[in-house]
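> Right, I'll just put the structure down here and ask away after.
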Amino acid sequence: MTAPDDATALFEQLTGHAPDGVWSAPGRVNLIGEHTDYNDGFVLPFAIPHRTYAAVGMRDDGRIRVASTFADDAPVEVALDELAGLFPTPTGATPAVAEWAAYPLGVAWALQLADPSTDPGAAGCGVDIAIASDVPVGAGLSSSAAIEGATASALNDLWNAGLDRTALARIGRRAENEAVGAPTGIMDQMASMLGEPDAAIFLDCRTLDTNLVPVGIAEARLAILIMDTRVQHSHATGGYRERRASCERGAAIMGVPSLRDVSMGDLARAEELMDDVTFRRVRHIVTENQRVLDTVKTLRESGARAIGDLLVASHASMRDDFEISVAELDTAVEAALSAGAIGARMTGGGFGGAAIALIEQAAVQTVSDAVTAAFAASGFTPPHLFTVTPSAGARRDA
Ligand code: GAF
């Protein structure tokens, strides 16, 4: 069965009747612009064809129940007016419900806060939500934003909240930050809500202004290969939070609200003012913002074939300055480049997850074989390799 059928079947098993509708939202891959989002900077992600589906139906007792095909746990059910007692999750603590359930329940909580016309005590507001997904989990492809986007889209419609896509992305981010407790930026939710076929989304994370940038991958007979290392990562703990703190420290030392306000010309002064590690974190953000701007310009003026060096420079910056790569990601990138990729870089938050390679369509098999062989030679778990094309954002499917 496909994921939408799975979601509907799970809903029917749970409730004994058909859902009121099915909504979905995609995962994303980021072409370039890593860890720049929470620094008010620039990113260039696109939505991928893999989607998460939420089959949803109203209930008349003011309760919310969530179930999924991907977690072994039993469905989680609470009264809507109890959500305010569950969230926010204190910093560093684990959510009061199973982590997978904190995403949809956190969205319901955040939506209630954003839309005061949704009376949490109103019996008619209750919902059952059954979720199924074909977005790989833990691969750095935003399976979490896909859950948030599908749930937010469904509740926005069923609760007549009337919020636009950017507002729903903010709801998803709030769920992730405050219900799940992962201190992430807004890139993933914006990509999942606003994705369009054949375009990347150039997002200014300070203003949330977006511009679609045609990538023209298929016309140029190119492909984007996802190289999922299958090294699992979590942004709720550890390195991600620590990198974010370094960026805030760097901005404070420079006397600016965020690293978006530090220019390439300021880097010499930054190096004088701060310790080596903080400086290198700052340098990654400042140069990565510039690389996003350069990639957008290059895509528009010269096409995708010309962005390879920018992707490679981005990976080097994440490996050496931001230090968020791992041996499996470096191996994937190096093997792809050695086998003729035009460019390659790790994508997402790092510490595991996936890398991408921009390659000739005709080279998909050769590059895949080379990456698989390099993983085997290093004794790594075999990677999961597949191609993606920019795809549509969140929508109602049925
Ligand atoms: C994760 C986060 F969720 C994003 O907000 C972003 O910071 C990304 O890592 C790194 O660019 O996907």
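Glycine is no exception: its Cβ is also placed from the backbone N, Cα and C atoms.
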> Pick the one from Tyr103, Tyr240 that TrEMBL also lists for the substrate site with Glu34, His35, Thr36, Asp37.
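Only hit among Tyr103, Tyr240 in TrEMBL's substrate site, alongside Glu34, His35, Thr36, Asp37: Tyr240.
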> Residues with Cβ closer than 8 Å to the Cβ of Gly140 (ATP binding site), same chain and 6+ apart in sequence?
Asp228, His233, Met346, Thr347, Gly348, Gly349, Gly350, Gly352, Gly353, Ala354
> Would you count the other C-beta atoms found within 10 angstroms of the C-beta of His35 (substrate binding site) for me?
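Counting Cβ neighbours of His35 (substrate binding site) within 10 Å gives 27.
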> What whole-number distance in angstrom separates the two most remote CA atoms of the substrate-binding residues Glu34, His35, Thr36, Asp37, Tyr240?
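Pairwise Cα check on Glu34, His35, Thr36, Asp37, Tyr240 gives a maximum of 13 Å.
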> Within the same chain, and leaving aside Glu34, His35, Thr36, Asp37, Tyr240, name every residue whose CB is within 8 angstroms of the centroid of the CB atoms belonging to the recorded substrate site, in sequence order.
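Other same-chain residues with Cβ inside the cutoff are Gly33, Tyr38, Asn39, Val43, Gly185, Met187, Arg243, Ile285, Glu288, Gly349.
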> Where does Leu141 (ATP binding site) sit in the DSSP three-state scheme?
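DSSP call for Leu141 (ATP binding site): coil, neither helix nor strand.
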